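These notes concern the structure reproduced below.
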Amino acid sequence: MISFGKPLKIALGLIVIAGLIIVPMNFNRYGLFILSQWAVMTIAAMGLNLTLGYAGQVSLAQGAFVGIGAYAAAVMTTHGWPLPAAIVVAIVLSFAVGWVLGYPALRVQHHYLAFVTLAFSTLAFLVFRNESWLTGGIYGISNIPRPHIFGFATNKPLPFYYVCLGSLAIVSLAVWWLIRSPWGRAFMALRENPLRAQSLGIDTRRYTLMAFAIGSALGGIAGGLYAPLTQYIDPVPFNLSLSLDLLMMVIVGGAGFYFGPFLGAMIAVLLPEWLRFTEGYYLMLYAVAVMLLLIWSPTGILGILDRYLAERRTKAASALRAVAKSRLETVQ
Amino acid sequence: MSNLFDLLVAGLATGAIYALVAVGFTLLWQTSQTINFAQGEFVMLPAFLMLAAMHAGAPFWLAIILGILLSMILLGLGFKLLLVDPMMRHGVLPLAIATMALAIGLKEAVKQFFSAEASPFPSIVPTGDISILGHAVSLQSIGVLVVAIVAVFGLTALLNRTSLGHQMQAAAQNPTVARIIGVPVERMILLTFLINAFLVALASLLITPIYLAKFSSGEVLGQAAFIAAIVGGFNQVRGAIAGGLLIGVLDNLAAAYVSTQYRAAVPMIFLIAVILFRPQGLLGRAEERTV
């Protein structure tokens, strides 16, 4: 996709990773919180990018899975379980629920699917709010502990930021592997042409359910990190607008591009902070920026880059062809 | 029994408002494949335009006219020219996301330029009760129902009885053929956007006296309108009307008989059931490639 030289790409990646590790070291508490939030939201958006960007199944319920993961982690860690165990439970739970939510996708597509998942999202919110024996209702769950990783306490913001960053790295590698595996190719076949995929012997039924379940499981992981990050959860952050925000992140970054969710989450989490100097206007400016971007490039930020590179490649190719042609003519 | 009667009347009144919003929603979908996630905010905004006109010193009737005209310019013409036209050829999803951003922008603009608090809004119908069959029924419910019914009948008459309405339907059903037989398709699409803006302004005028004018009041309304549109049939005006009334009544009955905590769940479960078992909606025709 990106036609820089391979060593250049590796160097660029290393610089970004080093920057993410070193630069935040002298950030204040709030800056670290925002960066950790970026990492968590990127994980959730990557899950949605698998479901929507690669497999082409619209979901307006990713926020609900973040909620399921967050409540699983909050309930278990406040009862003395370690966070990794809680995250495993969060993954299993959201995978199972995501699998079930995939069944409507076998019957209906596009906007109908969007509305089924929207309804599910609202139902999940009602359960978070009303089942107060488990979730604490509107008062939520407070004093969620942060984990000890290999004996290190991560109570302070910087160590916990590294927990989030490390989890993001693991998830990124797993997704990188997944979309290059036969499964990833099957997902893309599902998006591009479900009929042809089926006639080539791909079990579209199973892969549709899988796309939902894996995407949802990543939402669960994000939730499992969100709970110890904020150390207090109530139902409000997991309402429909989180699902809509996550969808916006995926589309704005570039659906179906591997790095789309990273950029989309950066814009959704960091841009409002950068615009904070405008005081009450920052969300308004954010909304206008998103609309202008989508008018300019409906395929998101990476869509612009992709188009630019494709154009350059065509130009280079036609230049080569012209040279070859003129050479041929001079020989004759 | 009297309780049930009251619930039905109140449900029909809110349902009639949902129907107005849902009809506009389906019109936009039919003519330009726009899923307008800002439809609820479109209902929230006109009340504030009217309030602003009244703050500037206009009498109530003039404020209503100004509010409706301004909404048709902003939410009809402006929405189509600035957002829908540049994005329509890129497919359904990017445009839907852009309307989500628009919803955030409208909410924030009202919060910033007007007020974050709920403001009272005068009613066009006098308050008080009248007696029907021995039941006390609020004049407000009756007024809302009458205005909504007149609006809906006017719209159906326009669509089914006039040449203009036939041209609009042709433009929605098959733009290519409509263009060949000389229907000005672009103008017809613009007309549906103006009608939608008029309907949401009317809904705003009817619902705001009941729920107060608040920047966030569009969220619930928008969802109710989506559900009404889908339950009734995404591609049918009369489906949207039936869906609106049904959801209004269902919502009120659920609040009384199910539980106040899970009242919002009843329309959602109903929605999921309808989509799974009758995706074209209760009154809709099956569309190609929806299933």
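Backbone N, Cα and C atoms are what each Cβ position is placed from, and that goes for glycine too.
Note that the structure is predicted; figures quoted are calculated from it, not measured.
Features as listed in TrEMBL:
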type: TRANSMEM; residues: A:7-27; note: transmembrane segment
type: TRANSMEM; residues: A:33-52; note: transmembrane segment
type: TRANSMEM; residues: A:83-103; note: transmembrane segment
type: TRANSMEM; residues: A:110-128; note: transmembrane segment
type: TRANSMEM; residues: A:160-179; note: transmembrane segment
type: TRANSMEM; residues: A:207-226; note: transmembrane segment
type: TRANSMEM; residues: A:246-271; note: transmembrane segment
type: TRANSMEM; residues: A:283-305; note: transmembrane segment
Range from A:7-27, A:110-128, A:246-271, A:283-305 with the greatest count of C-beta pairs under 8 A to the transmembrane segment (A:33-52): A:246-271
Contact between the transmembrane segment (A:7-27) and the transmembrane segment (A:160-179) (at least 3 Cβ pairs under 8 Å, separation 6+): yes
Contact call for the transmembrane segment (A:83-103) against the transmembrane segment (A:207-226), three or more Cβ pairs under 8 Å: yes
Beyond the flanks of the transmembrane segment (A:160-179) by 6 or more, those residues with Cβ under 8 Å of it: 17, 20-21, 24, 32, 35-36, 39-40, 42-43, 46, 50, 54, 146-147, 149, 154, 187, 214, 218, 221, 225, 228-229, 258
Chain residues outside the transmembrane segment (A:110-128) and at least six past its termini with a C-beta under 8 angstroms from it: 57-61, 63-64, 67-68, 71, 101, 104, 135, 235, 238-240, 243
